[in-house]
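Visitor: My structure is below; once you've seen it, I'll send some questions.
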Number of protein chains: 4
Amino acid sequence: MAGNSFGNIFKLTTYGESHGNSIGGILEGCPANLNLNLEAIQKELDRRKPGQSSIVTQRKESDTVEFLSGIFEGKTTGTPIAFQIKNKDQKSKDYSHIKEIYRPSHADFTYDKKYGHRDYRGGGRSSARETACRVVAGAIAKQLLQDIQIIGFVSSVGEISLEQSFEKLDFKSIEENIVRCPDPEMATTMENYIKSIRKEGDTVGGTVTCIIKNVPMGLGEPVFDKLHAQLGKAMLSINAVKGFEYGSGFEGTKMRGSEHNDRFLENEQTQTNFSGGIQGGISNGMDIYFKVAFKPVATLMQKQTTINKDAEKVEMQGKGRHDPCVVPRAVPIVEAMAALVLADFYLLQKINSEKI
Amino acid sequence: MAGNSFGNIFKLTTYGESHGNSIGGILEGCPANLNLNLEAIQKELDRRKPGQSSIVTQRKESDTVEFLSGIFEGKTTGTPIAFQIKNKDQKSKDYSHIKEIYRPSHADFTYDKKYGHRDYRGGGRSSARETACRVVAGAIAKQLLQDIQIIGFVSSVGEISLEQSFEKLDFKSIEENIVRCPDPEMATTMENYIKSIRKEGDTVGGTVTCIIKNVPMGLGEPVFDKLHAQLGKAMLSINAVKGFEYGSGFEGTKMRGSEHNDRFLENEQTQTNFSGGIQGGISNGMDIYFKVAFKPVATLMQKQTTINKDAEKVEMQGKGRHDPCVVPRAVPIVEAMAALVLADFYLLQKINSEKI
Amino acid sequence: MAGNSFGNIFKLTTYGESHGNSIGGILEGCPANLNLNLEAIQKELDRRKPGQSSIVTQRKESDTVEFLSGIFEGKTTGTPIAFQIKNKDQKSKDYSHIKEIYRPSHADFTYDKKYGHRDYRGGGRSSARETACRVVAGAIAKQLLQDIQIIGFVSSVGEISLEQSFEKLDFKSIEENIVRCPDPEMATTMENYIKSIRKEGDTVGGTVTCIIKNVPMGLGEPVFDKLHAQLGKAMLSINAVKGFEYGSGFEGTKMRGSEHNDRFLENEQTQTNFSGGIQGGISNGMDIYFKVAFKPVATLMQKQTTINKDAEKVEMQGKGRHDPCVVPRAVPIVEAMAALVLADFYLLQKINSEKI
Amino acid sequence: MAGNSFGNIFKLTTYGESHGNSIGGILEGCPANLNLNLEAIQKELDRRKPGQSSIVTQRKESDTVEFLSGIFEGKTTGTPIAFQIKNKDQKSKDYSHIKEIYRPSHADFTYDKKYGHRDYRGGGRSSARETACRVVAGAIAKQLLQDIQIIGFVSSVGEISLEQSFEKLDFKSIEENIVRCPDPEMATTMENYIKSIRKEGDTVGGTVTCIIKNVPMGLGEPVFDKLHAQLGKAMLSINAVKGFEYGSGFEGTKMRGSEHNDRFLENEQTQTNFSGGIQGGISNGMDIYFKVAFKPVATLMQKQTTINKDAEKVEMQGKGRHDPCVVPRAVPIVEAMAALVLADFYLLQKINSEKI
């Protein structure tokens with residue numbers, strides 16, 4: 001209701017502000033007896049953490065997750081898994097200059113209008129720092145999903161865009177460069193571009209593509225909770241996201257049905273996959289793929305004019321530590337949200353598929 | 001859970017198959033004492049109904065809505081509003097030829113894999129006929145929302161695309177042509193194109209753009225239930241939708257922060273509106289705008305090869321009555337879903353905004 | 001949210017007023033491929049219907065249920081099962097005399113205060129007529145639950161109370177008398193008492209006891225959704241219910257732990273069953289049993305003073321057709337609600353119990 | 001779904017095991033701008049805490065609540081309020097003797113059957129320690145509810161029972177004795193009885209009565225979410241509860257309608273209040289009152305026979321620190337749950353009551 005939960009059965013509720021004591025969450029609905037690999041969870045978190053490379057924010061957070069309940073002798077107990085990540089490098093004084101100011105294209109203005117006041121330090125609840133909690137829960141979801149593979153990568157930075165089909169990419173090289181682009185040459189171009197943008201105190205947008213392999217047939221629910229509708233909501237809930245498309249996406253609107261229809265083969269696969277692995281909102285066993293659009297980060301290291309609480313014009317300049325381009329760190333977040341969606345439908349399908 | 005409901009407070013649950021006795025729904029959470037204009041509801045339904053023009057399916061359905069509860073002496077009572085639309089022209093024999101066949105890019109295959117059997121007549125539950133129920137509930141939502149204006153229109157058919165900014169369009173002309181495109185010349189081009197596609201027994205995709213005006217500040221919830229995330233889910237849940245973008249969308253990923261940031265003015269509006277009326281998931285009072293991608297309809301009046309239940313190759317040819325291009329009829333559905341999202345957040349905000 | 005739904009996975013949403021066109025509901029989450037015995041459903045409805053005997057209301061309703069969706073070729077499809085029961089004998093003129101009057105101990109006053117106006121005909125939405133929809137859904141739940149037996153009976157009428165333990169009763173005789181009391185002699189006493197009460201234009205309360213046999217171990221959820229908490233809510237939501245107790249109930253509060261503890265035996269059963277088949281909110285495989293308190297019906301065929309909308313004192317006399325004692329007709333409703341609760345937890349346990 | 005949440009809008013989700021690192025929760029839906037009195041919250045927690053008197057468990061826990069989010073400059077921000085209570089005196093070795101044993105009338109057996117394994121230390125998640133989190137959230141609810149007064153007290157211990165009507169009691173004396181009974185003489189009798197029970201290593205049950213004053217008219221929802229149904233569920237979800245009745249309760253079933261009907265007076269109050277302040281599931285402005293039955297605590301300081309995991313007979317003797325009678329500490333828990341129910345309906349009514 002109040003927007004802090006995601007999922008129906010496999011359900012995450014998060015709390016926390018950018019500069020509070022800690023952020024964290026409660027994950028409900030994880031079946032009992034799952035052997036949790038805690039190191040693998042921390043490793044996912046490390047993929048998202050600030051300071052990991054020269055092209056991301058230099059806020060210094062170890063982002064160490066601590067589990068508080070729901071795990072006993074290494075296995076899930078079926079009861080809620082609570083966890084927290086302490087905030088350590090919250091330099092709140094960095095934000096005193098924006099206490100009374102509405103930063104352009106940030107959530108400062110709307111939070112104030114909605115709630116009457118706000119925790120202005122680092123954006124408070126609206127900060128993308130909250131997504132660390134999603135990565136923790138998503139890492140547990142990945143362990144539940146076992147054979148299902150979820151692979152995210154950066155497919156564009158600004159105008160620099162990876163055009164080839166995902167089937168031709170070498171996913172192993174994704175983590176070998178700091179941009180998280182599977183094409184090493186393109187990765188270098190992107191990295192250099194991000195560095196030049198940063199030097200100007202500016203920011204730039206980009207896209208993340210995600211592929212999901214080995215999805216069982218039958219996941220997703222009819223009508224309102226279609227698999228792609230839930231994936232879309234999941235992605236659009238990530239900070240800075242402006243668009244989502246799956247399968248043939250916006251390009252597919254230009255096609256004719258005779259080209260676009262995916263012909264079934266005798267092995268129950270389809271010859272083409274414009275459907276993106278989903279038909280009628282339900283997985284058909286083919287690869288799921290989708291693309292997520294991220295706008296340029298709103299915090300600039302440049303002078304901008306804006307207004308304050310009294311609607312007076314003021315000038316401001318960004319301080320603090322921010323990302324020139326959000327997509328490299330967004331990759332694990334996109335994967336985590338995809339994992340949460342799949343885990344939820346995977347558990348739900350155990351009920352629908354009941355043989356009676 | 002099972003995907004048949006939408007909304008938290010203002011909540012619609014639908015039922016029904018394409019060729020069953022009726023389709024219908026239960027709308028909960030509509031406040032008491034709302035004077036309902038029943039004609040206005042029927043009028044919205046007429047905008048979606050089959051047979052309304054020469055470029056849509058010729059299935060003959062009056063699509064007359066009948067209200068069963070929740071209204072007394074013309075006013076809502078606060079109790080659930082149930083309604084039904086009888087199916088009249090369900091020519092089920094049209095579908096006997098697909099009983100054992102999985103039509104390409106339809107939901108036949110996935111429903112069978114999910115549930116073990118299916119109502120194959122006209123796609124059963126997966127049919128877009130279900131969206132008539134959304135239009136009924138959306139029409140009630142529009143009456144609740146009063147001053148908030150929701151305006152949908154066709155912005156492209158295949159490669160034919162309306163490029164100008166929505167501020168320059170004359171919305172009054174939308175309903176004056178059968179394509180529902182606000183540019184009359186473009187509308188004629190689109191209409192002719194759809195007719196030529198139909199003659200070939202083929203189909204084509206397109207996009208619908210939607211503008212929402214006079215939105216109060218503060219609608220939408222932080223983190224997972226951002227206003228645009230819920231709008232995105234709503235749109236992606238409509239049959240044939242492949243993508244959603246709002247504000248600057250996918251194009252915005254190519255921009256720099258210094259161009260993309262919306263500068264606040266002293267009247268609390270912004271100079272530009274790349275944010276699409278939403279910042280941090282919450283409305284800022286500017287126009288909301290978004291675009292929805294619809295793939296080409298899967299049912300062709302051409303021969304296609306596919307497989308049957310035994311995974312044997314078979315040849316099939318579409319029969320029945322189908323749309324060559326879905327976007328003209330999709331306009332009222334997009335508007336209805338937008339209305340449902342806004343009504344839900346509008347009611348929820350009455351709680352958040354409580355002065356204590 | 002608005003109180004019209006029950007259940008999480010196996011979920012019923014109802015609509016309808018006592019004197020509207022029809023009442024009905026949508027049942028979601030019933031697994032696909034269940035062969036439905038429609039006669040058995042109607043039979044349950046017949047146990048609840050008015051006019052079935054000389055000690056219940058003489059409103060003439062056939063209470064015939066019609067299914068609108070979710071069933072194909074005799075089997076559930078996994079999509080929502082919608083149904084309706086037409087109102088036939090709604091003599092609305094019987095109620096014109098209470099249009100402006102608040103009947104004592106009815107919901108007239110509170111509905112008006114909550115919603116600002118109300119459908120006064122026969123109590124509108126507050127009428128127990130709505131429970132017919134619960135009986136339909138409960139009858140489907142019973143078919144899903146297969147071996148689990150749910151047996152309700154009248155355990156007291158006014159001061160006349162069945163004192164022996166349920167293990168000593170012959171459940172087969174419950175349906176052999178119009179009171180639905182398993183002790184034939186007691187049944188006659190109760191019947192005569194109800195008739196004498198009716199002659200005086202008065203009403204009387206009573207209790208219904210319910211036994212559930214063959215419950216698998218492990219149903220129910222920890223903390224807030226304990227099996228007995230959900231059963232309690234289910235029962236308390238039935239019109240006229242004032243109390244609920246399970247296992248040792250209120251009497252158990254007088255006992256000592258050394259008497260009350262149920263000793264485990266080597267067959268994993270317990271020697272006594274003060275726990276009522278539930279420990280820590282989760283079924284332990286022993287018989288579940290509980291008792292539900294029903295107040296005397298508020299509508300009397302006697303003169304009463306009350307107030308009208310303007311808070312003026314007025315005199316009124318009940319007209320229409322009412323039950324002198326509600327418990328005989330309440331038995332199938334209690335069973336239906338128990339079935340809904342169990343079906344929901346039964347499906348949910350398929351997820352928790354997952355072997356990984 | 002998984003039973004860890006309570007409420008729809010004002011919603012609490014808890015986590016934690018008796019002997020884990022901490023217990024805690026996330027409270028969503030609390031409106032922004034509420035000035036929170038943190039001392040008043042801690043004070044409620046102190047009323048529940050162990051070791052507070054000679055008749056309760058001597059586990060030493062300071063039960064200090066720490067808030068992690070959702071409060072800024074002393075006021076709620078509208079974002080989730082997370083809190084935790086560290087476990088300090090968890091003597092886990094006290095429980096090694098029950099690792100393989102199913103204690104009679106505990107949740108050991110059912111948790112193992114449900115989940116396949118369990119955290120056996122102090123009952124893990126099934127421990128009543130979890131209720132401390134409810135008291136924290138309930139204390140916030142009380143501050144939201146302002147003028148609504150919620151008053152719980154012990155109305156019986158074993159056979160010793162307070163018979164007079166609540167109108168005649170002096171609520172001020174409740175907190176003046178360690179039993180929390182408003183009749184000082186009766187309190188002494190109860191205290192002595194509990195002490196004698198404890199000396200025998202035994203336990204005893206009891207009841208808590210709760211009165212709610214100054215409730216606005218119109219709270220509660222029709223049909224399934226009746227105010228008393230939700231109160232009943234809330235109470236039945238508290239550890240050791242076996243029954244719930246409101247208004248005339250079980251005694252009311254023996255009455256006739258002509259005695260039981262509450263006659264409306266010209267001030268819109270009723271002459272009697274057998275309805276318990278609730279008609280048709282909705283508050284009518286009169287005092288709400290209800291009674292909750294608590295069974296005797298299952299942990300005895302006596303020898304008992306039971307079975308182990310291999311279904312072999314074993315002998316066990318309670319160790320650790322337990323309550324001889326749970327009702328004195330249950331009073332603040334009952335009040336907290338009542339506050340949660342009322343806060344939820346109070347916020348929801350802001351929507352229903354909308355003047356249009």
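Every residue gets a Cβ built from N, Cα and C, even glycine.
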Visitor: If TrEMBL says A:R125, A:S126, A:S127, A:N239, A:A240, A:G280, A:K295, A:P296, A:V297, A:A298, A:T299 bind FMN, which of A:R256, A:R263, A:R321 does it name for the same site?
Guide: A:R321
Visitor: Check the binding-site residues A:R48, A:R125, A:K295 for other C-beta atoms within 10 angstroms of each C-beta and report the one with the most.
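Guide: By the 10 Å Cβ neighbour count, A:R125 comes out on top.
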Visitor: Specify the count of other C-beta atoms within 10 Å of the C-beta of A:S127 (FMN binding site).
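Guide: By my count, 20.
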Visitor: Test of understanding: give the count of other CB atoms lying within 10 angstroms of the CB of A:A240 (FMN binding site).
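Guide: Excluding its own Cβ, A:A240 (FMN binding site) sees 22 Cβ atoms within 10 Å.
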Visitor: Pairwise over A:R125, A:S126, A:S127, A:N239, A:A240, A:G280, A:K295, A:P296, A:V297, A:A298, A:T299, A:R321, annotated as binding FMN, what's the top Cα to Cα distance to the nearest Å?
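Guide: Of all Cα pairs among the recorded FMN binders, the widest measures 44 Å.
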Visitor: Using a 10 Å radius around its CB, how many other CB atoms surround A:T299 (FMN binding site)?
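Guide: A:T299 (FMN binding site): 24 neighbouring Cβ atoms within 10 Å.
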Visitor: If proximity means a C-beta under 8 angstroms from chain D, which of A:R48, A:R125, A:K295 count? These are the binding-site residues.
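Guide: Among the binding-site residues A:R48, A:R125, A:K295, the ones whose Cβ sits under 8 Å from a Cβ of chain D are A:R125.
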Visitor: Measure from each Cβ of the binding-site residues A:R48, A:R125, A:S127, A:K295, A:V297 to the Cβ atoms of chain B, and list in sequence order the residues where some distance is under 8 Å, or 'none'.
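Guide: Of A:R48, A:R125, A:S127, A:K295, A:V297, the entries that lie near chain B are A:R125, A:K295, A:V297.
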Visitor: How many Å lie between the Cα of A:A240 (FMN binding site) and the Cα of A:R48 (NADP(+) binding site)?
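Guide: Rounded to the nearest whole number, the Cα-Cα distance is 15 Å.
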Visitor: Reported as an integer number of Å, what is the Cα distance between A:K295 (FMN binding site) and A:R48 (NADP(+) binding site)?
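Guide: Rounded to the nearest whole number, the Cα-Cα distance is 18 Å.
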Visitor: Looking only at DSSP and grouping its letters into three states, which state does A:K295 (FMN binding site) belong to?
Guide: coil
Visitor: Rounded to a whole number, how many Å is the Cα of A:T299 (FMN binding site) away from the Cα of A:R48 (NADP(+) binding site)?
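Guide: Their Cα atoms are separated by 19 Å.
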